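Read the structure below first, then the notes.
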Amino acid sequence: MKTQMKHKSVNEIFLWKNYWIRGVLSLAMISGFFLIIYMGPVALILVMTVQIKCFQEIITIGYRVYHSYELPWFRTLSWYFLICVNYFFYGETVADYFGALVQREEPLQFLARYHRFISFALYLAGFCMFVLSLVKKHYRLQFYMFAWTHVTLLIVVTQSHLVIQNLFEGMIWFIVPISIVICNDIMAYLFGFFFGRTPLIKLSPKKTWEGFIGGFFATVVFGFILAYLLSQFQYFVCPVGVNSETNGFTVECEPSDIFVMHEYTLPAVVQNTLRWKTVNLYPFQIHSIFLSSFGSLIGPFGGFFASGFKRAFKIKDFANTIPGHGGIMDRFDCQYLMATFTHVYIGSFIRGPNPSKVLQQLLMLRPEQQLSIFHTLHSQLRERGMLPQAAAQAE
């Protein structure tokens, strides 16, 4: 009996110590997140650092499993392909958002003009190196690892690139989705801890239906309130632009309609119940409901996928980078799925023509092309009666 009580006491001490470590590091990560937000768009490009670390953790798992086979060039080629893919994606971003700046520098003009060809040539070099590295008796395993690298690139690099694309649409599209996933993770844990009785999925035995449902409602409320708070500030809602004079980032604009307060008439049933006829909301708050719903109902499947992956290789965490939390990938398994949904959602329901982006592309054209567009636009505006009278007379 004494031995059992001693073991129980030791386990409780270990459990509370683990909770203490996780709690302190959670507060540190949240503080770091707010510091990055305070520093602005430049600091948020540190997404690339997270991406590289996640890639390293997944590739290392493959290396540990198959290192005894001494596969030639596996790690070297994996990192080489990472560089190639990042060169392609970041080059596309630079050409898209900083076209006017690129045109000022002769070397950058060449790189921008032939960017896709250069990217393809770099990839082909890696492809040829892989073929030359094939050795007898290991063909199948080497192709397994080749596929491993490419799936990792698809999951990690492509989706982290979408995070940056979301950021350039406005910091609110970066902050709200990330916060939604964090809130859902915390609230699902709390509801599961206090009320959980019914197991949700075998891949994660600790997950319960009570936590899943409670986390959903709490996250929707949280996302709705956070959307209201952030929609009031240009710093969060304006797309990230470039100031041609300072060559720096700018977040000044006239907020789009989804960040302007609107009055909505409530359904008759709600009017009779609450005695309210109208309500004032930012349209983005309505969009936040869809983002929160995805983050709560589908987002956790990113975590379930990661759990299945770890069980397949009999590991508890992707790494031990963060004591009590595991690796960086353990913290971002749901974030990447959420980022992809946000990017698709913006492209499908939000994004319209971006004047700043169109202007960047116009500035990259030759002078005679710019002049032709000017005359065409001038003619159409005059026909529609949108030009001032003085301008029409001057014509």
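The backbone N, Cα and C atoms fix where each Cβ goes, and this holds for glycine too.
What you see is a predicted model, and the numbers here were worked out from it, not measured in a lab.
Feature annotations, reproduced from TrEMBL:
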type     : residues : note
TRANSMEM : 20-50    : transmembrane segment
TRANSMEM : 71-90    : transmembrane segment
TRANSMEM : 117-135  : transmembrane segment
TRANSMEM : 142-164  : transmembrane segment
TRANSMEM : 170-196  : transmembrane segment
TRANSMEM : 208-230  : transmembrane segment
TRANSMEM : 284-306  : transmembrane segment
What residues elsewhere in the chain lie close to the transmembrane segment (117-135), defined as a C-beta under 8 angstroms and at least 6 residues from its ends? 71-73, 77, 80-81, 83-84, 87-88, 91, 111, 142, 146
Hey, which bits of the same chain come close to the transmembrane segment (170-196), Cβ under 8 Å, at least six residues off its ends? 30, 33, 37, 41, 44, 163, 206-216, 218-219, 222-223, 226-227, 230-231, 235-240, 251, 259, 284, 288, 291-292, 295-296, 299-300, 303, 334-335, 338-339, 341-342, 346
Please give the sequence-distant neighbours of the transmembrane segment (142-164): residues at least 6 beyond its ends with Cβ less than 8 Å from one of its Cβ atoms. 44-45, 47-48, 50-51, 54-55, 58-59, 62, 66, 71, 74, 77-78, 81-82, 85-86, 89-90, 93, 130, 133-135, 174, 335-337, 339-340, 342-343
